[in-house]
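**Q** Input: one structure, supplied below.
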Amino acid sequence: MGKGGGRDKYEPAAISEHGNKKKAKKERDMDELKKEVSMDDHKLSLDELQRKYGTDLSRGLTTARAAEILARDGPNALTPPPTTPEWVKFCRQLFGGFSMLLWIGAILCFLAYGIQAATEEEPQNDNLYLGVVLSAVVIITGCFSYYQEAKSSKIMESFKNMVPQQALVVRNGEKMSINAEEVVVGDLVEVKGGDRIPADLRIISANGCKVDNSSLTGESEPQTRSPDFTNENPLETRNIAFFSTNCVEGTARGIVVYTGDRTVMGRIATLASGLEGGQTPIAAEIEHFIHIITGVAVFLGVTFFILSLILEYTWLEAVIFLIGIIVANVPEGLLATVTVCLTLTAKRMARKNCLVKNLEAVETLGSTSTICSDKTGTLTQNRMTVAHMWFDNQIHEADTTENQSGVSFDKTSATWLSLSRIAGLCNRAVFQANQENIPILKRAVAGDASESALLKCIELCCGSVKEMRDRYPKIVEIPFNSTNKYQLSIHKNPNTSEPQHLLVMKGAPERILDRCSSILLNGKEQPLDEELKDAFQNAYLELGGLGERVLGFCHLFLPDEQFPEGFQFDTDDVNFPLENLCFVGLISMIDPPRAAVPDAVGKCRSAGIKVIMVTGDHPITAKAIAKGVGIISEGNETVEDIAARLNIPVSQVNPRDAKACVVHGSDLKDMTPEQLDDILRHHTEIVFARTSPQQKLIIVEGCQRQGAIVAVTGDGVNDSPALKKADIGVAMGIAGSDVSKQAADMILLDDNFASIVTGVEEGRLIFDNLKKSIAYTLTSNIPEITPFLIFIIANIPLPLGTVTILCIDLGTDMVPAISLAYEQAESDIMKRQPRNPQTDKLVNERLISMAYGQIGMIQALGGFFTYFVILAENGFLPIHLLGLRVDWDDRWVNDVEDSYGQQWTYEQRKIVEFTCHTAFFVSIVVVQWADLVICKTRRNSVFQQGMKNKILIFGLFEETALAAFLSYCPGMGVALRMYPLKPTWWFCAFPYSLLIFVYDEVRKLIIRRRPGGWVEKETYY
């Protein structure tokens, strides 16, 4: 990049340039993440390496030089991602989204009070109260949300490893253990099995060293490390060990080539933490909703402002009306309701092992339409398990279930006894100490994955392997290496009827078979003829085709005359036979699917969610697991399957004929975005195998280009860019790395894919329930606003006061609205397609038309009916009320006449008016009963859904009790200007309540009977 030579030309545009720079940097970072790692230290010879880093390959750096480098480069640690200061987080909760609307309302109230105080001698304090209450609501709910998020981030903090890592370095020719943060470039470092690699190392000597690279490359098998340069790609070559991967076995020495943020791991972490996650769908929905509500409020306010001027009110009165209408339109209680709904769901999910870091992420999961899932540990159990054996010329199935409830096989065969003996003896894995009381499958093992699988299998089937090894003491062994691909050991044989030395060997099946001349069948040795070789080949191909890792086993009794007791076996200059052995059988292993996964994948499919597997593993294994868990469903073929069935080359098959598709990482590398889009569009079932972490990011972007809302699961550092880019990143709590947990929005505490599906269901439920809650809350807006409008137009005494509106929004409506968050899912929740964020909004025109235009209008009628009844009982017939307002509200007029000629003083009139306010308020509570019950469902009948929601039933009683308390409690006349009512006045609104219930049940019945009809199109929100 240039050094900014053309800077002076653009001086005036500095501001926009800053924005563009930020954007350009974001795009640059994104491209950086998609690039493969570039470094050349693995290609250097040892001399060049020594010169480049100014170090000594045997004595290491001097202490003084190391101190200089540490001062220059800084500590060997990852820079923590930039955190948002707490006060900023708090302000976001106080002034973000919905809160802003309430703040504006509060300011308008204070403004109105100011105008009244300046112009009237005894101003009413309504607007002052209203402003104070609105401010209080925002502050309380803001604190509540802030507290919730702070709680989640506390749990996050606890994940961080508190133990400072140590590293063994050679300085001044002496070994010393130092804090890993003090390791510098050029240091000579020693690592052994069990250590975490402290920085990026170039290996200069190694002894049987293997590292677990799964968190970086996704390879589940431990990778050998040696001084040899074996691959151009630094991630694949054997002579580089990466920062924060673990050394599983063996020892190695290496020179530090990168530290801290400059390591491969550090680069990914830094770039990922810089990626911006977009706005969550629910935040966008709430913003959309605020626009609608504000639009309606301002439209009504301005309309009536103009109308009141036409009706010859003064300017000041018109402004007060304007503010009153805007404030009456703001659903004050809704902010608290939304926060509580999200919090409840987050708590519910925590109980089901999902930790939600960001409350809004809960809903995002519900609108997910594509899940890109890792294979190892998420879909599978993350432990190699013996799946099949082949002996006595047939395949036997082993039990791969997590609780050993599956199939078993014939364990009495003499061949099985020989096979299990070889698998137990020719095996370096051991159980760690003091685990006698732990179930065998759960025990910790020292050794590599395949050997642990064999150890556990033999321990389950044949009893203690340790006792077997004690009976057959090991004399010598040749460990497995990649050139001869076998492992061999010779043991003392306790059985007196057989020769006293037993040689056992295991390794790559074809290599083992080449060394055999006979085969064991039903305990008898037979010559290995072509027919049996074919049988072996078929079994090997069948097990390999299942994606299993197959090992061959053979043995040989060494004749006593050649190998008497005390014979000195030599493994360097081999003095015992390695040919003409006796083949015993095959054992194949796989990392089996978790028990709950196939069902979870099935649920995703019926919920219209596409599950894509993305793994670093081999295509055959990936495809086998995909078939095992139902990501590739039965009967669906890939291009290769079709080619094999029709016996034609793959190039002749039309890719559109194949529903399923397995894409190899190396093919993905050469694809254009258009080709990737084509695959994502035309195949319903996709597996990406042998992918690099960078490609995971490309796949996520591809899905998002299709308009999908993408959830990604991952546990490695390599997954963090994809986790950050996805609409919702899901990290693993047990196997996950710290970096991936920081990048994710949600953490699965049990690493189980099935928990994601629970999350999807909860996410959809929260969206449904928020809709219901909003529909319920908005409905009462109409009976709150119409009295005000009629008051302006028809000049009648005010039917409902500001204070009473607050009692509804923040009093009686609060608990019922929140209780809808506890409503159970309707029966079709996981059978629907995912919602389309473009068209299916949280608040749409249909919801507004139902709440405002239909149910709200019936409620307003109920309120007005009560109002007219009370005034008529007091002598003011409806016709007499028109135009009465001017005299009614004039405190100096004490002789207003009613329909019967009686005169009313100002005080008497006001008591009747406030009684009307109270009655109108009670009527709204009564019609809200029916509204609450109908809001329980959107499609099902309330009778189908039932009244199992105890909180909702409590809500009904609570709002009624509160209304009664406000009406009958002594002293309310002074405090809130609410007066006691005659019992009969409670019943005025009952018919309207019943009408609402019947009207809505009929509407839902028509929707169920005529799906897609006009009733559904016009009223189904």
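Residue numbering: from 1, along the chain as shown.
The backbone N, Cα and C atoms fix where each Cβ goes, and this holds for glycine too.
Source: prediction; values computed, not measured.
Annotations per Swiss-Prot:
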ACT_SITE  D374  active site, 4-aspartylphosphate intermediate
BINDING   K485  ATP binding site
MOD_RES   K9  N6-acetyllysine
MOD_RES   Y10  phosphotyrosine
MOD_RES   S16  phosphoserine
MOD_RES   K21  N6-acetyllysine
MOD_RES   S45  phosphoserine
MOD_RES   S226  phosphoserine
MOD_RES   Y258  phosphotyrosine
MOD_RES   S482  phosphoserine
MOD_RES   Y540  phosphotyrosine
MOD_RES   K659  N6-succinyllysine
MOD_RES   S666  phosphoserine
MOD_RES   S941  phosphoserine
REGION    1-37  region 'Disordered'
REGION    214-233  region 'Disordered'
**Q** What number of additional C-beta atoms lies within 10 angstroms of the C-beta atom of the residue listed as 'active site, 4-aspartylphosphate intermediate'?
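**A** Its Cβ shell of radius 10 Å holds 27 other Cβ atoms.
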**Q** Only counting partners 6 or more residues apart, tell me which same-chain residues put their Cβ under 8 Å from the Cβ of Y540 (phosphotyrosine).
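**A** Result: W390, P509, E510, V550, L586.
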**Q** Just jot down the residues in the same chain as S941 (phosphoserine), at least 6 apart in sequence, with C-beta under 8 A of its C-beta; none if empty.
**A** E1001, K1004, L1005, R1008
**Q** Round to a whole number and give the Cα-to-Cα distance in Å for the pair S45 (phosphoserine) and K659 (N6-succinyllysine).
**A** 50
**Q** Which one of these modified residues has the most other Cβ atoms within 10 Å of its own Cβ: S45, S226, S666?
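**A** Selected residue: S226.
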**Q** Tally every other Cβ atom lying within 10 Å of the Cβ atom of Y258 (phosphotyrosine).
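**A** Step by step: centre on the Cβ of Y258 (phosphotyrosine), count other Cβ atoms within 10 Å, giving 23.
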**Q** In the structure shown, with every protein chain counted, which of the recorded positions K485, K659 has the densest set of Cβ atoms within 10 angstroms of its Cβ?
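**A** When each Cβ's neighbours within 10 Å are tallied, K659 leads.
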**Q** Given Y258 (phosphotyrosine) and the residue listed as 'ATP binding site', what distance in Å do their CA atoms have, once rounded to a whole number?
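**A** Between the Cα atoms of Y258 (phosphotyrosine) and the residue listed as 'ATP binding site', the distance comes to 33 Å.
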**Q** In which DSSP state, out of helix, strand and coil, do we find S941 (phosphoserine)?
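**A** In three-state terms, S941 (phosphoserine) counts as coil.
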**Q** What counts of helix, strand and coil residues does DSSP assign across the region 'Disordered' (214-233)?
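**A** Per-class counts: 4 helix, 3 strand, 13 coil.
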**Q** Roughly how many Å lie between the Cα atoms of S666 (phosphoserine) and S226 (phosphoserine), rounded to a whole value?
**A** 25
**Q** Out of S226, D374, K485, which of these recorded positions is nearest K659 (N6-succinyllysine) by C-alpha distance?
**A** D374
**Q** Quick one: what's DSSP say for Y258 (phosphotyrosine), helix, strand or coil?
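**A** SS state of Y258 (phosphotyrosine) = strand.
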**Q** List the Cα distance (Å, whole number) between S226 (phosphoserine) and K485 (ATP binding site).
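**A** About 16 Å separate the Cα atoms of these two residues.
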